[in-house]
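*Asks:* Quick one: the structure is below, and I'll ask about it shortly.
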């Protein structure tokens with residue numbers, strides 16, 4: 001029987017001049033949008049010799065990006081307190097609105113593309129109708145900065161994480177907080193909805209990852225697999241795997257069905273701030289403080305849990321430990337059998353993608369009023 005294939009680095013890009021804060025694949029997986037502390041969003045076209053566009057309209061660091069479901073719009077959130085919505089092309093139209101009184105940390109489209117939710121240092125999340133820049137309601141139960149807010153897959157709920165050490169779940173129609181989970185050790189930094197919409201994973205500043213059952217109001221799994229704060233998490237589309245990025249410069253891949261880490265990926269030379277899967281799960285990307293964007297083949301569709309332990313034991317250093325602590329079952333510590341992958345000797349890493357073309361500025365090329373963007 002053939003062993004399953006490990007993840008492998010496919011492409012390696014640089015282009016930002018400061019840390020990358022977030023990344024998102026387009027719905028068709030042909031492009032990646034990255035936001036950065038350098039005030040820019042870069043749009044990487046993966047199918048046209050990596051030609052990329054730099055959106056330069058923000059006047060402060062950009063903390064978050066989101067694609068509309070159709071892939072025809074991108075929203076970006078910035079320290080300059082604005083959210084900008086723009087077409088992902090050189091001469092695309094763009095518009096903006098002042099979303100909050102303090103820096104905006106995240107922006108997220110709903111499944112229809114008609115609404116966005118924003119999160120801010122002003123301790124609130126806000127719901128907006130995109131086409132009119134229309135404020136609808138505010139979710140303001142948090143007592144500190146709100147790091148991220150995201151719609152559930154069906155758009156009926158919004159989850160937010162705040163520096164008040166809370167994960168809150170809001171009902172979009174009523175605006176009410178229907179669930180609140182409190183973290184004891186440290187504030188959460190980011191969240192991800194499970195594809196089924198029944199669970200939320202949270203990246204924590206205390207080096208942990210927690211997965212909550214939203215309906216059951218309980219913690220399902222807790223992982224201590226990083227040695228420094230966790231900055232981002234993302235579910236595989238199957239819902240069976242989770243990737244995470246950390247200040248410890250590594251990416252971890254977890255097998256959620258078995259409750260264990262299966263891969264430790266290196267290659268970044270600074271904190272990993274952002275991770276994301278494509279919609280089909282065949283690829284994922286990572287980016288962070290080293291300004292690098294790494295694109296990986298996941299190969300998780302070949303993964304076989306029954307073969308994992310034999311393969312891991314034969315090729316890995318098992319001196320490390322991990323803790324997986326599901327609710328109501330106590331903690332369990334065992335050898336970390338995860339397979340370690342370092343791509344820095346690979347051709348993909350060293351090439352820095354020979355077809356890369358420097359960014360072309362956009363955003364200031366053609367700027368029209370927001371209403372024209374949607375009514376033209």
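Just so it is clear, glycine is given a Cβ too, placed from its N, Cα and C backbone atoms.
Those TrEMBL annotations? Automatic predictions, nothing curated.
Straight from TrEMBL, here's the annotation block:
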type   : residues : note
REPEAT : 13-47    : repeat 'WD'
REPEAT : 55-87    : repeat 'WD'
REPEAT : 97-138   : repeat 'WD'
REPEAT : 139-180  : repeat 'WD'
REPEAT : 223-264  : repeat 'WD'
REPEAT : 265-297  : repeat 'WD'
*Asks:* So what's the mean pLDDT when you look at the repeat 'WD' (55-87)?
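*Replies:* Summarising the repeat 'WD' (55-87) by its mean pLDDT gives 95.
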*Asks:* Could you put numbers on the helix, strand and coil content of the repeat 'WD' (97-138), residue by residue per DSSP?
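*Replies:* Split by secondary structure, the repeat 'WD' (97-138) comes out as 3 helix, 24 strand, 15 coil.
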*Asks:* Report, as numbers and ranges, every residue of the chain located at least six residues beyond the repeat 'WD' (265-297) whose Cβ falls under 8 Å of a Cβ in that stretch; write 'none' if there are none.
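*Replies:* The answer is 7-25, 27, 29, 32, 34, 36, 44, 46, 228, 231-238, 243-253, 340-344, 349.
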*Asks:* Count up the helix, strand and coil residues in the repeat 'WD' (223-264) according to DSSP, in that order.
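*Replies:* Per-class counts: 0 helix, 24 strand, 18 coil.
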*Asks:* Sort the residues of the repeat 'WD' (55-87) into helix, strand and coil with DSSP and give the three counts.
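*Replies:* Secondary-structure composition of the repeat 'WD' (55-87): 0 helix, 17 strand, 16 coil.
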*Asks:* Summarise the repeat 'WD' (13-47) as counts of helix, strand and coil residues per DSSP.
*Replies:* 0 helix, 19 strand, 16 coil
